[in-house]
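Right, one structure below, let's go through it.
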Amino acid sequence: MSAAPFGSDNPEQLALKRARMACVVRCVLAFGLTALASAQRLEVATRPTGVSALIGYCLFSLAALNVVYLRPGTARLQTRVGVVADLVAMVLLQSVSGGVRGGLVALFFAPLVTSSLLLERSFALLIAAVASIAIVGDTVVRDLLSLGEVAYFESGLLGATMFVVALVLTQLAQRVRSQESLVAATAAELNAQFRVNATVIEAMSQGVLIIGRDAHIQLSNPAARRLLGRELAALEGRTAMSNGGHWWELATLLQTWVRNQARGLPPAVMLTLPPDDEAPGAGPRKLRLRPVGLGGAIGTGDAPLVIYIEDLAETETQASQLKLASMGRLTASIAHEIRNPLAAIAHANALLRESADPIDARLHDIVGDNARRIDRIVEDILSVSQSTRIEPETLRLRDAIDTAVAELLPGGPEARARVSIDVPADATLRFDRMHFGRIVGNLLANALRHASATPGAIAVQLRLGAGGGSVLLVADDGEGVAPEHLRKLFEPFFTTHRKGTGLGLYLSRELASANGATLVLQSPGGGQGRHRGACFALRLPAALAQEAS
């Protein structure tokens, strides 16, 4: 995208090209005349002056051709010198070839045409004047010396013709140069606009594909390569089908659009691609493709297309973050107002409980439980809004997990026996201590809610992950996650428990992501073995997880 597609030579480059062309024509003319003279077809071959003029003209034409390539910066000066040399050579050759009626007088048009087309009008008229004077002067000399028939009329007519030719050609050349300037200015504007468009497309977070005939990929921006895979860059200029595999579905879709766009394009199409091999643990890529026809033809094929690509997962994540961020800001602003009456309710309930009838004790318990639940909801939302504050430190993984278990199960070793921990004592982790404790606490609380009361019903294990990292697994022996709940499992405020806030798993995933880790549902349950319930995996990259030998 960096190369400018609209090429146009600047005036200096055009002058150089034309100077080189003039030198080539001069060489052809000089050596052509020499060849004719050698074949005794020209009268100049019988005159020493004519032979010397031809030899000198050939040598000059070769030297001028060499100089114009070695020193391109003086192209205009070299053109002027060459025109003067052409004129001198023509005067000498015309003087020894019989004058106006000698047959070589037409060669005066060579320097005249060159100066008219390549140089300014004043110089071209000067050449026409000098050539006319030379022709008329030669005629006068021949008349005075009685060297032949007098041709004043032909000489005058030829001189006038030269002025007319010079005026016409300079006018045409001026128009050509003005058109060239217009083309150069237009090309510069188009190139500037192209660079602006390219910069905008490169910076777009939305993927962009330019598709030509037969689904050939003509252009892709970094976002498209990230969404569709790095191999996309290697496919530019070729059809996506040439790569096979999961590209077949995409290429078939693109070809259908290219061929049928005259009958209308769909507003958008959802496409699911398999997980990226370079992103372990990532799920299928759900993309939204929106085609837009450009209306112009490429070659003789169908019109090209612009394909806008959106990652639905990113869109959903952004929407969820905006939703929770707005909720967090709202809650943070009114937390004081909520907690003040909440504390008053809890305090009044405690006072009423001391003097209440035993029959009303259950009602006081309900009030107290719901007051604590509201306080917990406020605390969870405030935690989400403050999750960007990260203070990483080196943690001993086993100690951090033991602390979380002790906080959840304060009843002693018998109660903590429900959790089986298989983590090396010397395993360390670079993580925010508060965040890690919150993540493990939420996962264990979720497992305790669904697991049985038998010892070892919950398993916490550390396993080797991909790329030198580690995976912390938390599994239970419960019934697992229902299929209809899988899609909403990590959404904020989604809960299947009547006392839950629906923020635990969402908050845990956000805290993990903020620290460079990833929290996923490894298995929804229903498998074999003792811990056949839900299994959550906290994937720790090698930069975070450092397990001692």
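Counting begins at 1 with the first residue displayed.
Here the Cβ of each residue, glycine as well, is placed from N, Cα and C on the backbone.
Taken from TrEMBL, the feature transmembrane segment applies to 21-39 (among others). Long-range contacts of the transmembrane segment (21-39) within the same chain: residues 45, 50-51, 54-55, 57-58, 60-62, 64-65, 68, 78-79, 82, 86, 89, 93, 107, 110, 114, 118, each at least 6 residues beyond the stretch ends and with a Cβ under 8 Å from a Cβ of the stretch.
Residues annotated as transmembrane segment in TrEMBL: 51-70 (among others). Beyond the transmembrane segment (51-70), the same-chain residues lying 6 or more positions past its ends with a Cβ under 8 Å from any Cβ of the stretch are 16, 19-20, 23-24, 26-27, 29-31, 33-34, 37, 44-45, 78, 81-82, 85, 89, 92-93, 96.
Residues annotated as transmembrane segment in TrEMBL: 82-110 (among others).
TrEMBL lists 122-141 (among others) with the feature transmembrane segment.
Long-range contacts of the transmembrane segment (153-173) within its own chain (CB-CB distance under 8 A, at least 6 residues past either end) are made by residues 100-101, 105, 108-109, 112-113, 115-118, 120-121, 124-125, 127-129, 131-133, 135-136, 138-139. According to TrEMBL, the transmembrane segment annotation covers 153-173 (among others).
The domain 'Histidine kinase' feature in TrEMBL is assigned to 333-544. Mean pLDDT of the predicted structure over the domain 'Histidine kinase' (333-544): 79.
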